[in-house]
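The following features are taken from TrEMBL:
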- 34-52: transmembrane segment (TRANSMEM)
- 64-83: transmembrane segment (TRANSMEM)
- Gly74, Thr77: Na(+) binding site (BINDING)
- 95-114: transmembrane segment (TRANSMEM)
Amino acid sequence: MKDVLFVGAGGALGTSARYGVQTLLPAAGADFPLGVLLINWIGCLFLGWFFTVTLRSWRIKPRWRLAIGTGFTGGFTTFSTFAVDAVRLTVHDRALTAVLYLLFSVCGGLFLTWTGIRLGTKMTQAAPKEDSL
(Lines of atoms letter the chains of each structure in order from A and count residues from 1; the text may use other names and numbers.)
(Lines give C-alpha, C1' and ligand atoms only; values in the text may rest on other atoms or scores of the structure.)
Protein backbone atom coordinates (compact mmCIF):
# COMPACT_ATOMS: atom_id res chain seq x y z
CA MET A 1 0.00 0.00 0.00
CA LYS A 2 2.88 2.38 0.75
CA ASP A 3 4.17 1.90 -2.81
CA VAL A 4 0.85 3.19 -4.15
CA LEU A 5 1.15 6.29 -1.96
CA PHE A 6 4.70 6.95 -3.18
CA VAL A 7 3.66 6.57 -6.82
CA GLY A 8 0.61 8.79 -6.23
CA ALA A 9 2.66 11.49 -4.52
CA GLY A 10 5.25 11.37 -7.31
CA GLY A 11 2.46 11.56 -9.89
CA ALA A 12 0.94 14.62 -8.22
CA LEU A 13 4.32 16.37 -8.22
CA GLY A 14 4.99 15.36 -11.83
CA THR A 15 1.61 16.63 -12.98
CA SER A 16 2.19 19.92 -11.17
CA ALA A 17 5.63 20.21 -12.77
CA ARG A 18 4.12 19.56 -16.22
CA TYR A 19 1.55 22.29 -15.64
CA GLY A 20 4.31 24.69 -14.61
CA VAL A 21 6.46 23.87 -17.63
CA GLN A 22 3.46 24.13 -19.98
CA THR A 23 2.81 27.68 -18.80
CA LEU A 24 6.33 28.55 -20.01
CA LEU A 25 5.99 26.82 -23.40
CA PRO A 26 3.96 27.79 -26.46
CA ALA A 27 0.28 26.85 -26.25
CA ALA A 28 -0.90 23.85 -28.27
CA GLY A 29 -2.82 25.97 -30.76
CA ALA A 30 -3.87 24.66 -34.15
CA ASP A 31 -0.40 24.67 -35.68
CA PHE A 32 1.71 22.18 -33.75
CA PRO A 33 1.61 20.92 -30.12
CA LEU A 34 5.23 21.81 -29.39
CA GLY A 35 4.77 22.05 -25.62
CA VAL A 36 3.53 18.47 -25.25
CA LEU A 37 6.23 17.22 -27.61
CA LEU A 38 8.97 18.90 -25.56
CA ILE A 39 7.55 17.69 -22.24
CA ASN A 40 7.37 14.11 -23.46
CA TRP A 41 10.90 14.32 -24.89
CA ILE A 42 12.23 15.66 -21.56
CA GLY A 43 10.48 12.78 -19.78
CA CYS A 44 11.97 10.20 -22.15
CA LEU A 45 15.50 11.56 -21.70
CA PHE A 46 15.10 11.74 -17.93
CA LEU A 47 13.58 8.28 -17.52
CA GLY A 48 16.28 6.60 -19.61
CA TRP A 49 18.95 8.36 -17.56
CA PHE A 50 17.26 7.92 -14.17
CA PHE A 51 16.62 4.19 -14.37
CA THR A 52 20.13 3.59 -15.72
CA VAL A 53 21.96 5.44 -12.95
CA THR A 54 19.71 4.16 -10.17
CA LEU A 55 19.94 0.54 -11.28
CA ARG A 56 23.69 0.60 -12.01
CA SER A 57 25.24 2.84 -9.41
CA TRP A 58 23.12 4.98 -7.11
CA ARG A 59 21.80 3.38 -4.01
CA ILE A 60 18.16 4.32 -4.00
CA LYS A 61 15.33 2.41 -2.39
CA PRO A 62 12.91 0.74 -4.83
CA ARG A 63 10.06 2.77 -3.36
CA TRP A 64 11.80 6.04 -4.30
CA ARG A 65 12.57 4.67 -7.76
CA LEU A 66 8.83 4.03 -8.13
CA ALA A 67 7.93 7.50 -6.82
CA ILE A 68 10.33 9.31 -9.15
CA GLY A 69 10.42 7.03 -12.19
CA THR A 70 6.85 5.78 -12.36
CA GLY A 71 5.04 8.48 -10.38
CA PHE A 72 6.79 11.76 -11.15
CA THR A 73 7.82 10.99 -14.71
CA GLY A 74 4.50 9.31 -15.47
CA GLY A 75 2.68 12.40 -14.21
CA PHE A 76 5.04 14.78 -15.99
CA THR A 77 4.68 13.15 -19.40
CA THR A 78 1.32 12.80 -21.07
CA PHE A 79 0.37 10.10 -23.55
CA SER A 80 -3.31 11.04 -23.50
CA THR A 81 -2.68 14.66 -24.52
CA PHE A 82 -0.28 13.41 -27.20
CA ALA A 83 -3.07 11.20 -28.60
CA VAL A 84 -5.72 13.93 -28.40
CA ASP A 85 -3.41 16.42 -30.14
CA ALA A 86 -2.76 13.94 -32.97
CA VAL A 87 -6.50 13.35 -33.44
CA ARG A 88 -7.24 17.09 -33.19
CA LEU A 89 -4.72 17.82 -35.96
CA THR A 90 -6.27 15.14 -38.16
CA VAL A 91 -9.83 16.35 -37.57
CA HIS A 92 -8.76 19.88 -38.53
CA ASP A 93 -7.47 18.64 -41.91
CA ARG A 94 -3.85 18.74 -40.83
CA ALA A 95 -3.09 15.08 -41.49
CA LEU A 96 0.50 15.71 -42.60
CA THR A 97 1.19 17.71 -39.44
CA ALA A 98 -0.39 14.91 -37.38
CA VAL A 99 1.85 12.31 -39.04
CA LEU A 100 4.93 14.47 -38.45
CA TYR A 101 3.88 14.98 -34.82
CA LEU A 102 3.47 11.22 -34.37
CA LEU A 103 6.84 10.51 -35.99
CA PHE A 104 8.67 13.23 -34.03
CA SER A 105 7.06 12.08 -30.79
CA VAL A 106 7.77 8.37 -31.15
CA CYS A 107 11.14 8.50 -32.93
CA GLY A 108 12.36 11.44 -30.85
CA GLY A 109 11.16 9.76 -27.65
CA LEU A 110 12.97 6.53 -28.49
CA PHE A 111 16.13 8.41 -29.44
CA LEU A 112 16.08 10.51 -26.26
CA THR A 113 15.43 7.46 -24.09
CA TRP A 114 18.43 5.78 -25.71
CA THR A 115 20.45 8.98 -25.18
CA GLY A 116 19.46 9.04 -21.50
CA ILE A 117 20.54 5.42 -21.12
CA ARG A 118 23.88 6.18 -22.79
CA LEU A 119 24.43 9.25 -20.57
CA GLY A 120 23.59 7.24 -17.46
CA THR A 121 25.91 4.45 -18.54
CA LYS A 122 28.79 6.87 -19.15
CA MET A 123 28.17 8.56 -15.80
CA THR A 124 28.18 5.29 -13.89
CA GLN A 125 31.30 4.03 -15.67
CA ALA A 126 33.19 7.26 -15.00
CA ALA A 127 32.15 7.55 -11.35
CA PRO A 128 34.50 6.06 -8.74
CA LYS A 129 33.11 3.01 -6.99
CA GLU A 130 32.09 3.59 -3.37
CA ASP A 131 34.26 0.64 -2.27
CA SER A 132 37.40 2.26 -3.71
CA LEU A 133 37.01 5.55 -1.82
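Quick reminder: no glycine exception, Cβ is built from N, Cα and C everywhere.
Note that the structure is a prediction, hence the values are computed from the model and not measured.
Taking the Cβ of Gly74 (Na(+) binding site) as reference, residues of its chain lying under 8 Å away and at least six apart in sequence are, in sequence order, Val7, Gly10, Gly11, Gly14.
Within the same chain, residues at least six positions away from Thr77 (Na(+) binding site) with a Cβ under 8 Å of its Cβ are Gly14, Arg18, Ile39, Asn40, Gly43, Cys44.
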